[in-house]
Each structure stands twice: as C-alpha cells, then as structure tokens.
Amino acid sequence: MSAIESVLHERRQFAPPAAVEKAAAISGMAAYRALAEEAERDYEGFWARLARETLEWRKPFGKALDETNAPFYKWFDDGELNASYNCLDRHVAAGLGERIAVIFEADDGTVARVTYADLLARVSRFANALKKRGIGRGDRVVIYIPMSVEGIVAMQACARIGATHSVVFGGFSSKSLHERIVDVGATALVTADEQMRGGKTLPLKSIADEALAMGGCDAVKTVVVYRRTGGNVDWHAGRDVWMHEIVANESDACEPEWVGAEHPLFILYTSGSTGKPKGVQHSTAGYLLWVAQTMKWTFDWKPDDVFWCTADIGWVTGHSYITYGPLAVGATQVVFEGVPTYPNAGRFWKMIGDHKVSVFYTAPTAIRSLIKAAEADEHVHPKSYDLSSLRIIGTVGEPINPEAWIWYHKNVGQERCPIVDTWWQTETGGHMITPLPGATPTVPGSCTLPLPGIMAAVVDETGQDVPNGQGGILVVKRPWPAMARTIWGDPERFKKSYFPDELGGRLYLAGDGTVRDKETGYFTIMGRIDDVLNVSGHRLGTMEIESALVSHELVAEAAVVGRPDDTTGEAVVAFVVLKRSRPEGEEAAALAKTLRDWVGKEIGPIAKPKDIRFGDNLPKTRSGKIMRRLLRSLAKGEAITQDTSTLENPAILEQLAEVR
C-alpha cells in the first residue's frame with residue numbers, strides 16, 4: 001500500500017517566550033535533549049528515578065519493568081501505594097491543608113472553594129460510607145455523575161478503598177450506561193438526581209433507573225444519589241441512598257487501602273470499531289506517575305498556578321488532568337459544571353479573569369466554535385476580557401488547525417503564552433507528544449516532539465521506519481508506565497487492537513496517520529488511519545484538508561469525510577460552518593466553488609472536495625467532539641442508524657442531510 005501523503009506545509013515557528021523559558025522546569029532544548037538521552041541510555045533506570053521522586057510508596061518497588069508477558073507489561077510490580085493518599089494525604093501532611101484544591105463554578109455561576117483538608121475529609125467520609133455498604137478492594141463502581149466536586153470525591157473514594165471506578169459520561173444514554181454496567185460487573189452505581197448544563201436539566205437518575213431495569217444488573221446492590229437540583233426522582237428502597245445522608249455521620253478519617261502498583265485504578269470505556277465499547281484498564285502507580293509528571297513538564301506547573309482543564313471527568317482528559325494529575329502535584333484548579341457558550345460565548349474568558357487562571361487547557365472544537373462567536377460579537381471576543389493571568393495555554397482531544405492555533409495564540413495567549421498542542425489517547429494515560437513550554441519552538445498544527453521516555457516513531461504497514469517527510473502510521477516502540485494494561489475481560493482484543501501481529505506484536509499502534517518534518521523531526525497528526533481517504537490512488541489525511549478549509553477567512557469550522565466514487569475510488573466530502581450565516585441556493589454553490597478552488601491552491605487539485613455542505617454547526621457530542629461516523633453516513637446518503645444519544649444537536653443531521 002502506498003504511503004499516506006503529507007500535502008500541507010506549515011513553516012511558521014514560535015520560540016518559547018524568554019520569561020517562560022527562564023523559569024521553566026525544562027528550560028531550553030538542551031535540557032529536553034539531556035532528559036531524552038537519559039531515557040535512551042538507561043530506560044528502566046530513568047522511569048525508576050521518576051517513580052521514586054514523584055510518588056510516595058508504602059512499600060518501595062524493586063524492579064521497574066517486567067516484560068516477560070509482553071504486551072501485558074508490568075511496572076513497579078512489587079511496590080505498594082494508594083492513589084488517594086498521593087493526591088490528598090501527603091499534601092495535608094506537608095502543611096498544605098489550607099491550600100485551595102478546587103475552585104468549583106456551577107452552571108449558574110455560583111462558586112465554591114474546597115481546600116485540600118476539606119477534600120480529604122469529604123473523600124474519607126464517602127469512602128467509609130461505601131465500605132459500610134460492603135464495597136471495597138476489587139469491586140467495580142460505575143460513576144454516572146455531572147461535573148462536580150462530588151464526582152471527584154466519588155473517584156478518589158474508590159481509589160482510597162481499592163475499588164476500581166468506571167466513570168460514564170453524563171451525556172450517555174440508558175442503553176450505553178447499561179452496556180458498561182454489565183460489561184464491568186459493577187456492584188454499585190453513583191449518580192445524581194439531575195445534571196445542569198447550559199441552563200437546562202438532564203434527568204440522570206431516571207436514565208440510570210432505565211439502565212438498571214434492562215436486566216443483567218443484579219450485582220448492583222447500591223445506588224448512591226447526589227442531590228444536585230432537588231428534582232423529583234423515583235426511589236428504590238433498600239438499593240437507593242442519598243449521598244448527603246450516608247456521609248452525614250461518617251468519620252473524617254479513613255485509612256487508605258494499600259494496593260499493588262498494578263492494581264486497576266479505573267476502567268474507562270472508549271468506542272470500538274466493532275460497536276462494542278472497549279473497557280480500557282489502567283494501573284495505579286504507572287498511571288499516577290505519568291499524570292503527575294506531565295503536570296510538571298507539559299504545563300510547567302508551579303505552586304502558585306491556577307490550572308483549568310475544561311474537560312469532563314467522564315473522559316480520560318478529565319481523569320488525568322482534573323481528578324488525578326492536578327491533585328497528585330498539589331495544584332489549585334478550576335472545575336466547571338457548564339458549557340462555554342452559556343450564558344454567552346464569553347464564559348471561558350470571563351472565568352479565566354475571575355479566577356486568575358494561569359494554565360488553560362481546552363479542546364480545538366471549543367476554540368473553533370468560540371472563534372465563530374467572537375467574530376460575530378465583539379462583546380464575547382477574548383480581547384474584551386482580562387486574560388493577563390495566563391502564562392500557558394494548551395489543546396487536547398484532536399489536532400488543532402493551524403489557523404485556529406494562530407487565533408488562539410494571538411487572542412487568548414496574547415502572543416506571549418506558549419501553546420502546548422498535546423497528542424495522547426485514552427489508552428496512553430497521559431501526554432505523549434507535546435511541546436514543552438520553556439523549551440520547544442512551536443509550529444501551528446504540530447504536536448512537535450515526544451516527551452522524554454516516550455519512544456514514538458512513524459512506520460509503514462510492515463512496521464518499518466519511514467523517512468521524515470513521508471507519511472505513515474504512528475507507533476510507540478517501547479512500553480511506558482501509564483499505558484493501558486488490557487481491555488477489561490478481553491485480553492485478545494487488546495493485543496489485536498494495539499499490538500497487531502502485522503507490526504510484529506511489540507509496537508503500540510496508535511491508529512493515527514502521522515508525518516515527521518524533514519528538518520525538525522516534528523510530528524504532525526494527519527488524522528485517524530480510518531479517516532485516510534484514497535482519492536485516485538493518493539492517500540490523503542482528512543486533517544490537512546480540514547486545515548486548508550479553515551485557513552479561508554470565511555470558514556469557522558470544517559469536517560472532511562469520504563464517500564465511494566466510481567471515478568476516483570473515494571470522493572472528498574466537506575461539511576463547513578461559516579463565520580456568518582449559512583448560505584443557500586446560488587450563494588452556496590458559488591461559495592462551494594470558491595472553497596474548492598482554495599483547497600486546490602493550498603494543497604493541490606487532488607484534495608478538492610467534490611461535495612461541500614454548509615451547516616449552522618457540526619454534529620458534536622456533549623463533550624464537543626465531532627461525530628464523524630454520522631457525517632460518513634450523511635455523505636453516503638445513508639440513514640442514521642448509529643447511537644446518537646450523546647449528540648448535542650440532533651436537528652443538525654436533518655439540515656446537513658438536506659443540503660446537496
């Protein structure tokens with residue numbers, strides 16, 4: 001099979017700001033290279049040093065890495081620790097009990113502050129309450145809860161008693177929740193009466209009741225309900241209990257359950273190509289080490305920072321950079337219940353000013369939607385807010401188009417904040433390829449270089465390295481501590497999905513088409529391998545075509561998919577959102593031609609979309625991710641048969657289906 005072609009060439013480069021570089025933990029490229037070389041010289045010794053420096057161990061480990069049952073690797077296997085202790089107790093013991101752990105802002109703007117001492121007490125009370133209901137080490141607890149302090153408390157309490165949590169995003173349907181409860185074999189469920197988002201309520205408890213009524217959930221003996229709104233709920237006596245009632249008389253102290261380094265901390269479900277969700281299982285020590293270390297490296301965390309990751313705890317970003325990473329280093333962080341556009345599209349920028357956020361981490365999808373709003377109304381433009389507290393800004397979830405990167409850099413970072421464009425996955429646990437704010441010169445659209453200790457490479461379909469400048473498949477050549485350990489209950493699927501025989505069985509397959517720059521060696525993600533289009537024998541990454549479209553002055557957002565074509569094999573279909581109102585009729589046809597010509601100029605005639613459809617927005621999940629599988633069906637003219645329960649804006653499907 002021919003190589004994936006990289007056809008979009010970005011040459012703009014931005015050096016780390018002098019003030020950031022001077023104060024950074026990793027200052028300058030020489031410091032970065034020294035760490036990377038240490039890892040290459042003594043791989044196990046490098047990771048062992050970090051693990052001893054970063055975590056507190058009840059029982060020290062001996063050997064760092066056990067490769068005897070590859071690809072089911074073990075790290076620090078004979079050591080013992082507790083994740084909750086490392087996130088809470090050790091900071092309180094160090095005299096930081098009065099440091100603010102969480103600044104929680106509710107959907108309606110109400111703000112609450114929780115200290116480390118408060119959070120430890122709340123976690124301990126809930127942990128004691130769970131233990132009294134027979135929940136403990138080895139049990140699985142499903143958490144279906146809104147963005148809240150209570151959500152963090154529930155996760156940390158599970159870790160404290162050795163139970164393995166599985167958080168399900170609050171936007172999932174009863175069917176999706178049911179599948180996960182059954183697959184993981186949960187003995188308890190933690191939920192809420194209702195969820196508040198954008199001024200609207202979502203009845204979580206009734207959705208949970210529907211899921212439990214579908215059968216196969218007999219192991220669930222306890223349903224803990226957090227009272228968020230006070231809305232009416234059905235009640236199952238003996239099974240259902242109020243969170244505030246069961247913790248009321250519990251002790252503020254709960255001895256941590258000391259567990260082995262490989263003890264499953266959590267199982268997080270991610271969608272699979274076969275339709276059955278994959279329960280990605282993460283360890284305790286290796287995972288916690290890496291989310292703490294990347295807080296220090298990627299975000300250059302300082303004790304006086306106010307950190308804000310806008311993700312939901314239902315996704316891995318919320319696990320790693322809300323519930324565990326920030327707390328593991330003793331950070332003060334903002335946790336937000338709502339959405340970026342309520343009550344208006346200036347909400348993020350107002351909150352940055354209100355809470356003096358210094359490190360801000362959000363998704364390219366959110367940035368692109370806020371660009372459109374800012375272009376239409378200067379009152380919600382970042383320039384109308386005080387963003388002077390910011391020093392580092394980041395992106396997560398998908399590659400960021402170069403033009404969106406430039407807007408973010410100019411208008412949010414005020415051309416003085418480095419952007420950390422982070423590449424990683426649910427399965428990797430934490431950041432893998434990313435700029436370091438005080439070391440790496442950044443290039444719009446590129447995640448730049450792997451972190452020290454991460455042996456990333458670009459290979460062909462046989463696992464052989466490809467030359468820089470030639471597109472290929474992103475892999476990681478050596479195991480790392482935070483990697484997923486297995487797919488819950490399906491180790492063969494784990495091997496087949498991530499360590500396929502076609503690549504020799506020892507390379508971690510990331511599933512992303514990637515190219516390295518000929519000169520810098522920087523990595524640029526070109527899109528999922530599944531999203532590579534074969535147009536007249538040319539294999540094109542969708543990301544580059546989307547970036548070309550978004551670079552046009554009229555375009556706010558674009559998503560590109562393929563559909564079968566008798567002439568070219570596959571045709572490029574683009575779904576486009578403009579910075580102004582959606583065009584129709586002749587105006588739409590003329591603008592489609594303009595954009596086709598634009599892509600031809602930016603990339604080449606081969607990449608021109610055959611079909612361009614304009615929408616008021618794109619189909620997205622409640623977490624802001626574009627649902628490309630739905631766009632593929634629309635492009636082919638097929639009926640939508642997939643689960644759309646997480647779709648934020650169902651009406652857009654009809655609009656995009658009508659447009660031809």
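Note that Cβ sites are derived from N, Cα and C of the backbone, with glycine treated the same way.
As written in Swiss-Prot, here are the features:
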- Arg197, Gly198, Gly199, Lys200, Thr317, Ser536: CoA binding site (BINDING)
- Gly397, Glu398, Pro399, Asp421, Thr422, Trp423, Trp424, Gln425, Thr426, Asp512, Arg528, Arg539: ATP binding site (BINDING)
- Val550, His552, Val555: Mg(2+) binding site (BINDING)
- Lys625: N6-acetyllysine (MOD_RES)
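Projection of Swiss-Prot feature records onto the structure.
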residue	record	DSSP (3 states)
Arg197	CoA binding site	strand
Gly397	ATP binding site	coil
Thr422	ATP binding site	coil
Arg528	ATP binding site	strand
Val550	Mg(2+) binding site	helix
Lys625	N6-acetyllysine	coil
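The shortest Cα-Cα distance between Val550 (Mg(2+) binding site) and any of the binding-site residues Thr317, Pro399, Thr426, Ser536 is the one to Pro399.
Nearest neighbour of Thr422 (ATP binding site) by Cα distance, taken over the binding-site residues Arg197, Gly198, Gly199, Thr317: Thr317. Of all the binding-site residues listed here (Arg197, Lys200, Arg528), it is Lys200 whose C-beta has the fewest other C-beta atoms within 10 angstroms. Across the residues annotated as binding CoA (Arg197, Gly198, Gly199, Lys200, Thr317, Ser536), the two Cα atoms farthest apart lie 48 Å from each other. Cα distances from Trp424 (ATP binding site) to the recorded positions Arg197, Gly198, Gly199, Ser536, Lys625 are smallest for Lys625. Ranking the binding-site residues Gly397, Pro399, Thr426, Arg528, His552 by the distance of their Cα atoms from the Cα of Ser536 (CoA binding site) places Arg528 first. Comparing Thr317 (CoA binding site) with Thr426 (ATP binding site), their Cα atoms are 8 Å apart once rounded.
When secondary structure is read from DSSP and collapsed to three states, Thr317 (CoA binding site) falls in the helix class. Just so you know, of the binding-site residues Thr317, Thr422, Thr426, Ser536, the Cβ with the fewest other Cβ atoms around it within 10 Å is the one at Ser536. Shown in sequence order, Glu403, Ala548, Leu549, Ser551, Glu553, Leu554, Ala556, Ala558, Val576, Leu595, Trp598 are the same-chain residues outside Val550, His552, Val555 whose Cβ sits within 8 Å of the Cβ centre of the Mg(2+) site.
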